[in-house]
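Taken from Swiss-Prot as is:
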type	residues	note
CARBOHYD	ASN36	N-linked glycosylation site
TOPO_DOM	20-97	topological domain 'Lumenal'
TOPO_DOM	119-131	topological domain 'Cytoplasmic'
TOPO_DOM	153-165	topological domain 'Lumenal'
TOPO_DOM	187-194	topological domain 'Cytoplasmic'
TOPO_DOM	216-220	topological domain 'Lumenal'
TOPO_DOM	242-254	topological domain 'Cytoplasmic'
TOPO_DOM	300-316	topological domain 'Cytoplasmic'
TRANSMEM	98-118	transmembrane segment
TRANSMEM	132-152	transmembrane segment
TRANSMEM	166-186	transmembrane segment
TRANSMEM	195-215	transmembrane segment
TRANSMEM	221-241	transmembrane segment
TRANSMEM	255-275	transmembrane segment
TRANSMEM	279-299	transmembrane segment
Amino acid sequence: MFLAAAAFLLSAPASASQGDKEPVYRDCVKHCVRANCTGARLRGFQSTQPPYMALTGWTCRDDCRYQCMWTTVGLYQAEGYSIPQFHGKWPFARFLCFEEPASALASLLNGLACLLMLLRYRSAVPCQSPMYHTITAFSLVSLNAWFWSTVFHTRDTYLTEKMDYFCASAVILYSIYLCCVRTLGLRRPAISSMVGVLLILAFTSHVSYLTFVSFDYGYNMAANASIGIINLLWWLCWCWLNRRILPYWWRCGMVVLLLHGLALLELLDFPPLFWVLDAHAVWHLSTVPVHFLFYSFLIDDSLHLLNTEKPGVKLD
(Lines of atoms letter the chains of each structure in order from A and count residues from 1; the text may use other names and numbers.)
(Lines give C-alpha, C1' and ligand atoms only; values in the text may rest on other atoms or scores of the structure.)
Protein backbone atom coordinates (compact mmCIF):
# COMPACT_ATOMS: atom_id res chain seq x y z
CA MET A 1 0.00 0.00 0.00
CA PHE A 2 2.49 2.58 1.07
CA LEU A 3 5.60 0.40 1.48
CA ALA A 4 7.73 2.02 -1.15
CA ALA A 5 6.24 5.41 -0.49
CA ALA A 6 6.54 5.60 3.26
CA ALA A 7 10.24 4.98 3.14
CA PHE A 8 10.92 8.44 1.70
CA LEU A 9 8.60 10.80 3.51
CA LEU A 10 10.94 12.02 6.22
CA SER A 11 14.31 11.97 4.50
CA ALA A 12 15.45 15.26 3.00
CA PRO A 13 19.19 15.50 2.49
CA ALA A 14 20.90 18.84 2.72
CA SER A 15 23.21 20.21 0.05
CA ALA A 16 25.94 20.97 2.60
CA SER A 17 26.69 19.72 6.10
CA GLN A 18 29.10 20.37 8.94
CA GLY A 19 31.70 17.88 7.72
CA ASP A 20 32.05 19.14 4.15
CA LYS A 21 32.17 22.75 5.38
CA GLU A 22 35.30 22.03 7.42
CA PRO A 23 38.45 23.69 6.00
CA VAL A 24 40.45 20.53 6.70
CA TYR A 25 38.07 18.53 4.52
CA ARG A 26 38.04 21.06 1.69
CA ASP A 27 41.82 21.48 1.73
CA CYS A 28 42.24 17.71 1.75
CA VAL A 29 40.00 17.31 -1.30
CA LYS A 30 41.78 20.10 -3.21
CA HIS A 31 45.20 18.63 -2.47
CA CYS A 32 44.09 15.10 -3.36
CA VAL A 33 42.56 16.19 -6.67
CA ARG A 34 45.66 18.18 -7.64
CA ALA A 35 47.95 15.30 -6.71
CA ASN A 36 45.98 12.37 -8.16
CA CYS A 37 43.35 13.47 -10.66
CA THR A 38 45.34 15.00 -13.51
CA GLY A 39 47.68 13.75 -16.20
CA ALA A 40 49.58 10.52 -15.63
CA ARG A 41 48.27 10.15 -12.06
CA LEU A 42 44.69 10.19 -13.34
CA ARG A 43 45.48 7.60 -16.00
CA GLY A 44 47.11 5.48 -13.32
CA PHE A 45 44.01 5.77 -11.14
CA GLN A 46 41.75 4.77 -14.02
CA SER A 47 43.93 1.80 -14.99
CA THR A 48 43.89 0.37 -11.45
CA GLN A 49 40.27 1.18 -10.64
CA PRO A 50 38.11 -1.98 -10.29
CA PRO A 51 35.62 -2.40 -13.17
CA TYR A 52 32.61 -2.32 -10.83
CA MET A 53 33.72 1.08 -9.53
CA ALA A 54 34.10 2.48 -13.03
CA LEU A 55 30.74 1.06 -14.13
CA THR A 56 28.96 2.74 -11.23
CA GLY A 57 30.53 6.10 -12.04
CA TRP A 58 33.11 6.52 -9.28
CA THR A 59 35.60 9.19 -10.36
CA CYS A 60 38.98 10.21 -9.02
CA ARG A 61 37.41 13.26 -7.38
CA ASP A 62 34.75 11.06 -5.76
CA ASP A 63 37.48 8.84 -4.35
CA CYS A 64 39.29 11.90 -2.97
CA ARG A 65 36.12 13.06 -1.25
CA TYR A 66 35.62 9.60 0.23
CA GLN A 67 39.18 9.37 1.57
CA CYS A 68 39.12 12.93 2.92
CA MET A 69 35.79 12.27 4.63
CA TRP A 70 37.43 9.57 6.73
CA THR A 71 40.43 11.79 7.42
CA THR A 72 38.07 14.43 8.79
CA VAL A 73 36.09 11.86 10.80
CA GLY A 74 39.33 10.63 12.35
CA LEU A 75 40.25 14.15 13.43
CA TYR A 76 36.79 14.69 14.94
CA GLN A 77 37.07 11.46 16.90
CA ALA A 78 40.60 12.27 18.08
CA GLU A 79 39.36 15.58 19.48
CA GLY A 80 36.31 13.96 21.11
CA TYR A 81 33.71 15.66 18.92
CA SER A 82 30.52 14.03 17.62
CA ILE A 83 30.56 12.53 14.13
CA PRO A 84 29.60 15.10 11.45
CA GLN A 85 27.56 14.56 8.31
CA PHE A 86 28.97 15.14 4.83
CA HIS A 87 26.82 16.44 1.97
CA GLY A 88 23.65 15.67 3.92
CA LYS A 89 24.67 12.12 4.85
CA TRP A 90 26.41 10.26 7.63
CA PRO A 91 29.79 8.76 6.75
CA PHE A 92 29.33 5.18 5.52
CA ALA A 93 31.96 2.54 4.94
CA ARG A 94 31.85 1.75 1.24
CA PHE A 95 31.52 -1.93 0.32
CA LEU A 96 32.63 -2.63 -3.26
CA CYS A 97 30.63 -0.01 -5.18
CA PHE A 98 27.87 0.36 -2.56
CA GLU A 99 27.84 3.75 -0.83
CA GLU A 100 25.22 2.71 1.73
CA PRO A 101 25.41 -1.10 1.85
CA ALA A 102 22.74 -1.70 4.49
CA SER A 103 20.16 0.62 2.90
CA ALA A 104 20.88 -0.82 -0.55
CA LEU A 105 20.41 -4.36 0.78
CA ALA A 106 17.23 -3.38 2.61
CA SER A 107 15.79 -1.78 -0.54
CA LEU A 108 16.65 -4.90 -2.52
CA LEU A 109 14.96 -7.12 0.09
CA ASN A 110 11.84 -4.95 -0.04
CA GLY A 111 11.79 -5.26 -3.81
CA LEU A 112 12.21 -9.03 -3.66
CA ALA A 113 9.44 -9.33 -1.06
CA CYS A 114 7.16 -7.22 -3.25
CA LEU A 115 7.96 -9.35 -6.30
CA LEU A 116 7.44 -12.62 -4.42
CA MET A 117 4.07 -11.52 -3.07
CA LEU A 118 2.97 -10.15 -6.44
CA LEU A 119 3.65 -13.57 -7.98
CA ARG A 120 1.75 -15.22 -5.13
CA TYR A 121 -1.13 -12.79 -5.63
CA ARG A 122 -1.32 -13.52 -9.35
CA SER A 123 -1.31 -17.27 -8.73
CA ALA A 124 -3.99 -17.10 -6.02
CA VAL A 125 -6.37 -14.55 -7.53
CA PRO A 126 -8.10 -14.99 -10.92
CA CYS A 127 -7.71 -12.07 -13.29
CA GLN A 128 -11.51 -11.64 -13.27
CA SER A 129 -11.33 -10.15 -9.78
CA PRO A 130 -12.31 -6.44 -9.90
CA MET A 131 -9.09 -5.24 -8.23
CA TYR A 132 -6.70 -7.61 -10.03
CA HIS A 133 -5.32 -5.23 -12.65
CA THR A 134 -5.19 -2.21 -10.33
CA ILE A 135 -3.22 -4.16 -7.71
CA THR A 136 -0.89 -5.61 -10.35
CA ALA A 137 -0.17 -2.13 -11.70
CA PHE A 138 0.42 -0.78 -8.19
CA SER A 139 2.86 -3.61 -7.49
CA LEU A 140 4.82 -2.80 -10.65
CA VAL A 141 5.00 0.87 -9.66
CA SER A 142 6.26 -0.20 -6.22
CA LEU A 143 8.84 -2.55 -7.73
CA ASN A 144 10.13 0.29 -9.87
CA ALA A 145 10.46 2.50 -6.79
CA TRP A 146 12.37 -0.15 -4.85
CA PHE A 147 14.65 -0.68 -7.84
CA TRP A 148 15.59 3.00 -7.91
CA SER A 149 15.92 3.08 -4.13
CA THR A 150 18.44 0.25 -4.40
CA VAL A 151 20.30 2.06 -7.18
CA PHE A 152 20.33 5.35 -5.28
CA HIS A 153 21.71 3.79 -2.09
CA THR A 154 24.28 2.00 -4.21
CA ARG A 155 25.44 5.17 -5.96
CA ASP A 156 24.18 8.65 -5.17
CA THR A 157 24.22 10.76 -8.34
CA TYR A 158 22.07 13.55 -9.74
CA LEU A 159 20.07 11.05 -11.83
CA THR A 160 19.66 8.32 -9.21
CA GLU A 161 18.57 10.82 -6.56
CA LYS A 162 15.90 12.29 -8.83
CA MET A 163 14.63 8.86 -9.90
CA ASP A 164 14.49 7.73 -6.28
CA TYR A 165 12.37 10.72 -5.26
CA PHE A 166 10.16 10.78 -8.35
CA CYS A 167 9.40 7.06 -8.22
CA ALA A 168 8.57 7.32 -4.52
CA SER A 169 6.12 10.12 -5.32
CA ALA A 170 4.57 7.93 -8.02
CA VAL A 171 3.91 5.19 -5.46
CA ILE A 172 2.35 7.63 -3.01
CA LEU A 173 0.01 9.02 -5.66
CA TYR A 174 -0.84 5.59 -7.05
CA SER A 175 -1.65 4.37 -3.54
CA ILE A 176 -4.29 7.11 -3.41
CA TYR A 177 -5.68 5.79 -6.69
CA LEU A 178 -5.67 2.22 -5.34
CA CYS A 179 -7.55 3.38 -2.26
CA CYS A 180 -10.04 5.33 -4.37
CA VAL A 181 -10.74 2.38 -6.68
CA ARG A 182 -11.25 -0.01 -3.76
CA THR A 183 -13.46 2.25 -1.68
CA LEU A 184 -15.41 4.17 -4.33
CA GLY A 185 -14.47 3.20 -7.86
CA LEU A 186 -15.94 -0.31 -7.93
CA ARG A 187 -19.43 1.14 -7.61
CA ARG A 188 -18.71 4.48 -9.28
CA PRO A 189 -16.01 3.99 -11.95
CA ALA A 190 -16.35 7.60 -13.11
CA ILE A 191 -15.02 8.82 -9.76
CA SER A 192 -11.87 6.70 -9.90
CA SER A 193 -11.29 7.75 -13.52
CA MET A 194 -11.56 11.41 -12.59
CA VAL A 195 -9.26 10.96 -9.59
CA GLY A 196 -6.79 9.08 -11.79
CA VAL A 197 -6.59 11.98 -14.24
CA LEU A 198 -6.11 14.48 -11.40
CA LEU A 199 -3.33 12.35 -9.90
CA ILE A 200 -1.52 12.14 -13.24
CA LEU A 201 -1.70 15.92 -13.56
CA ALA A 202 -0.46 16.30 -9.97
CA PHE A 203 2.47 13.97 -10.61
CA THR A 204 3.39 15.75 -13.84
CA SER A 205 3.27 19.15 -12.13
CA HIS A 206 5.27 17.87 -9.15
CA VAL A 207 8.05 16.39 -11.28
CA SER A 208 8.13 19.41 -13.60
CA TYR A 209 8.51 21.83 -10.69
CA LEU A 210 11.30 19.81 -9.08
CA THR A 211 13.07 19.37 -12.42
CA PHE A 212 12.75 22.76 -14.07
CA VAL A 213 12.10 25.23 -11.24
CA SER A 214 13.74 24.10 -8.01
CA PHE A 215 14.55 20.76 -6.45
CA ASP A 216 13.17 21.81 -3.08
CA TYR A 217 13.60 18.99 -0.55
CA GLY A 218 11.27 20.67 1.94
CA TYR A 219 8.50 21.06 -0.63
CA ASN A 220 8.93 17.48 -1.83
CA MET A 221 8.73 16.13 1.71
CA ALA A 222 5.68 18.26 2.58
CA ALA A 223 3.84 17.27 -0.59
CA ASN A 224 4.48 13.56 -0.13
CA ALA A 225 3.66 13.67 3.58
CA SER A 226 0.35 15.43 2.89
CA ILE A 227 -0.70 12.77 0.39
CA GLY A 228 0.49 10.05 2.75
CA ILE A 229 -1.67 11.40 5.59
CA ILE A 230 -4.72 11.52 3.31
CA ASN A 231 -4.02 7.92 2.34
CA LEU A 232 -3.65 6.88 5.98
CA LEU A 233 -6.92 8.46 7.09
CA TRP A 234 -8.82 7.19 4.03
CA TRP A 235 -7.78 3.57 4.58
CA LEU A 236 -8.38 3.69 8.34
CA CYS A 237 -11.85 5.11 7.77
CA TRP A 238 -12.62 2.30 5.29
CA CYS A 239 -11.31 -0.31 7.75
CA TRP A 240 -13.50 1.07 10.54
CA LEU A 241 -16.64 1.11 8.38
CA ASN A 242 -16.07 -2.49 7.24
CA ARG A 243 -14.88 -4.00 10.51
CA ARG A 244 -18.13 -5.98 10.98
CA ILE A 245 -18.41 -7.02 7.34
CA LEU A 246 -14.91 -8.12 6.37
CA PRO A 247 -13.15 -10.50 8.80
CA TYR A 248 -9.73 -9.60 7.36
CA TRP A 249 -10.10 -5.82 7.73
CA TRP A 250 -7.60 -5.76 10.60
CA ARG A 251 -4.74 -6.69 8.26
CA CYS A 252 -5.24 -3.50 6.27
CA GLY A 253 -5.42 -1.43 9.45
CA MET A 254 -2.36 -3.17 10.87
CA VAL A 255 -0.33 -2.47 7.72
CA VAL A 256 -1.25 1.21 7.79
CA LEU A 257 -0.41 1.61 11.47
CA LEU A 258 2.78 -0.44 11.25
CA LEU A 259 4.16 1.56 8.35
CA HIS A 260 3.54 4.92 9.94
CA GLY A 261 4.77 3.69 13.30
CA LEU A 262 7.94 2.24 11.81
CA ALA A 263 8.56 5.53 10.02
CA LEU A 264 9.32 7.02 13.44
CA LEU A 265 12.58 5.06 13.35
CA GLU A 266 13.85 7.64 10.89
CA LEU A 267 13.59 10.30 13.59
CA LEU A 268 16.36 8.58 15.57
CA ASP A 269 18.93 9.67 12.96
CA PHE A 270 22.07 8.30 14.63
CA PRO A 271 25.55 7.85 13.12
CA PRO A 272 25.76 4.42 11.45
CA LEU A 273 26.71 1.51 13.68
CA PHE A 274 29.97 -0.01 12.45
CA TRP A 275 29.75 2.71 9.75
CA VAL A 276 27.06 0.63 7.99
CA LEU A 277 23.72 0.51 9.83
CA ASP A 278 21.89 3.80 10.37
CA ALA A 279 18.28 4.64 11.24
CA HIS A 280 17.28 4.82 7.58
CA ALA A 281 18.57 1.30 6.92
CA VAL A 282 16.82 -0.02 10.04
CA TRP A 283 13.60 1.60 8.82
CA HIS A 284 13.92 -0.03 5.40
CA LEU A 285 14.69 -3.42 6.93
CA SER A 286 11.70 -3.20 9.27
CA THR A 287 9.25 -2.80 6.37
CA VAL A 288 10.25 -6.04 4.61
CA PRO A 289 7.88 -8.34 6.61
CA VAL A 290 4.96 -5.93 6.15
CA HIS A 291 4.73 -6.89 2.46
CA PHE A 292 3.56 -10.36 3.45
CA LEU A 293 0.78 -9.02 5.69
CA PHE A 294 -0.28 -6.48 3.08
CA TYR A 295 -0.57 -8.99 0.24
CA SER A 296 -2.36 -11.43 2.53
CA PHE A 297 -5.01 -8.73 2.90
CA LEU A 298 -5.04 -8.06 -0.86
CA ILE A 299 -5.49 -11.74 -1.70
CA ASP A 300 -8.38 -12.23 0.74
CA ASP A 301 -10.02 -8.99 -0.34
CA SER A 302 -9.70 -9.74 -4.06
CA LEU A 303 -11.18 -13.22 -3.60
CA HIS A 304 -13.99 -11.72 -1.53
CA LEU A 305 -14.77 -9.22 -4.30
CA LEU A 306 -14.69 -11.98 -6.91
CA ASN A 307 -17.19 -14.06 -4.94
CA THR A 308 -19.56 -11.15 -4.30
CA GLU A 309 -19.47 -9.63 -7.78
CA LYS A 310 -22.92 -10.80 -8.80
CA PRO A 311 -25.99 -8.93 -10.01
CA GLY A 312 -27.66 -7.23 -7.09
CA VAL A 313 -24.77 -7.85 -4.69
CA LYS A 314 -23.23 -4.73 -3.15
CA LEU A 315 -19.44 -4.48 -3.34
CA ASP A 316 -18.05 -3.45 0.05
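Every residue gets a Cβ built from N, Cα and C, even glycine.
Within 10 Å of the Cβ of the residue listed as 'N-linked glycosylation site' there are 17 other Cβ atoms, across all protein chains. Note on the topological domain 'Cytoplasmic' (187-194): its mean pLDDT in the predicted model is 90. In the topological domain 'Lumenal' (153-165), the DSSP tally of helix, strand and coil residues is 10 helix, 0 strand, 3 coil.
Listed by sequence, the residues of this chain that lie at least six past the ends of the topological domain 'Lumenal' (153-165) yet keep a Cβ under 8 A from its Cβ atoms are 8, 56-58, 89, 97-100, 103-104, 107, 145, 210-211, 215, 220. Here the topological domain 'Lumenal' (216-220) has, by DSSP, the following mix of helix, strand and coil residues: 4 helix, 0 strand, 1 coil. Within the same chain, residues 1, 235-236, 293-294, 296-297, 300-301, 304, 316 sit at least 6 positions outside the topological domain 'Cytoplasmic' (242-254) and bring their C-beta atoms closer than 8 Å to a C-beta of that stretch.
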